[in-house]
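To keep things clear, I will list the structure first and then write my remarks on it.
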Amino acid sequence: MKNYNLTSFKDDITAGASVAALSIPQNMAYALIVGVNPIYGIYTSVVSKLIASLVGVSNHMIVGPTNLMSMAIASNLDFVADDNYFSAVLVLTFLVGVFQILFGLFKLGKLVNYISHPVIVGLTTGTAIIIGVGQLSNLFQLSIPNTANIFMTLYFIFGHLEAINPIALSLGLVTIISIIISEIIDERYPTYLVAIAISTLVVYYFGLVDQIKVIGKLPGSLPQFDLPRFDFTFISEIYTKALSVAIVGLIQTLAVVKSLENRSGEEVKVNKEFLGQGLVNLGTSFYNGFASAGSFTNSFINYQAGAKTKLAQTLTAIIIILFIIIFNPILKYIPIASLAALVIVVAMRMIDLDEVIQIFKATKSDLLIFSVTLLATIGLPRLEYAIYLGVLISLGIVLRESSKVNMSHISYDEESDTKLSYTEPEKITEDEYIVIDLIGDLNFSAAENFKEELNSVTAKGFIFRIKNIGRIDITTVKELEKFITKVQKNEKQVFLSGIEEEHYEVLDNLGIIDMIGEDNIFHSKEELLSSTIEAVKSAEDNK
């Protein structure tokens, strides 16, 4: 703040107004996804931004309701009866805050990095589809059973086309068209706000309140302090769900922070941001708000509008409050169908086709992780199942890859005296020495593959180049010991080249050095392959 001046303040006001124009309709729409009155989306937005501006770390990240978090809340509380639903949302939000605070305090932020990129893209894409299909009931003004998944929802809609409210559908289409036209005219327009304003004025002017669902009268007051109603039996039922929602929030917040870092150069300490995020959700639960996270769209608008400090987020909250107070009489005419249409537009824009195409062009493993996570998100009852399954498959692929020994075979050209070249193992004859170049970790998961690879090679003698190995454990050493015993029984020799001090100590402690003999050990040198060439020459001399 030392260099803060009037110009900086003007930039923060401009950014605050830009974000507020998007946040107002968006946050009411996200409340629909959660399954609560749209006013609670506004409450969440205001309170979360005010707290985040005090405890947050990033100057550019805007906190508030998000589509992913809203969907996570709804999917985890779909078993709760309507009468208790809002109380359940507040308790869940409180627990989410507690878990996120613990993540920050115990510096567990790096754990989120173990969730691979294909998992995040699959989760986001699947969530976008669920959100879009889920809002069709509000767009068409149909009463669809709450237990219906997206396939049952689509089946129900096609079976009840005659029950669609044409006025509601028309207002939704007007909203979508208004967004598109506004963006064509000038992308700087608050397109979502303009679209909702147009549909609201249509409802008001033509007196359509009795023919469609509207959000109704909103409280004219600011959110009031109100402790969640804690029921420890209920808490025991949902604490694991709260943990999964907390993780979703941290994933989204981390993704926003990393993206902003690439653009602004501002470095953010992740664990401090997680701690701040936890305090935001904890505080929001005391003011009738639901769990929030870092918002991609709002954060980038804030950055692009020139925000200089966290004051921009405070100003966003103040502008939203003023808007609600000033325009309260007209807001009750906002059609639910228009908010649903807005959600559908936002949901479709969550799908990053470029990212999906890149994954298809990448490895088969990436495509598998993405596809499984996407299908799990769509088909399984709760988002955390998709996350857990995606992570499990990612770890399985990592373990599979780590169980393969990176082994190259090198032949020695006697005529050039120094030339080593990579060759196919089947080209090595039984009267030649083979250099086996080992790379990477030799751990227990790779032991079986290591054994198979060794048994597939025949030669007069074996030179293991171990300069490029990382960790080596006792399980793999035991397989090496068996192989050395087998080779020596056949009166053949084993050499070690490129050996570093740390590996020498391990192999010496486990008896491998004594088995091979010091004369057949060649320590690592600075010159590339020099110790391996020495080992080859020594082997040739022992013919």
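Any Cβ shown, glycine's included, is placed from N, Cα and C.
These figures come from a predicted structure and were not determined experimentally.
Among the residue ranges 111-133, 134-156, the one that TrEMBL annotates as transmembrane segment is 111-133. Looking at the stretches 50-73, 338-361, the one that TrEMBL records under the feature transmembrane segment is 50-73. The range from 227-243, 278-294, 363-379, 499-515 that TrEMBL describes as transmembrane segment is residues 363-379. Proximity of distant same-chain residues to the transmembrane segment (20-43), defined by a Cβ-Cβ separation under 8 Å and at least 6 residues beyond the stretch ends, is recorded for 62, 64-67, 70-71, 73-74, 77, 85-86, 89, 131, 134-135, 138, 190, 192-193, 195-196, 215, 218-219, 223, 287-290, 297-298, 301, 316, 319-320, 323-324, 334, 336, 339-340, 342-343, 346. Of the two recorded stretches, the transmembrane segment (167-185) does not lie close to the transmembrane segment (111-133), with fewer than three CB pairs under 8 Å once pairs fewer than 6 apart in sequence are set aside. Sequence-distant contacts of the transmembrane segment (363-379) (same chain, six or more residues past either end, CB-CB distance under 8 Å): 116-119, 121-123, 125-127, 129-130, 149-150, 356, 385-387, 389-390, 393-394, 397, 401.
Within its own chain, the transmembrane segment (111-133) has Cβ neighbours under 8 Å at 33, 67-68, 70-71, 75, 103, 150, 153-154, 247, 250-251, 254-255, 343-344, 346-348, 350-352, 355-356, 359, 366-367, 369-378, 383, 386-387, 390-391, 394-395, counting only residues six or more beyond its boundaries.
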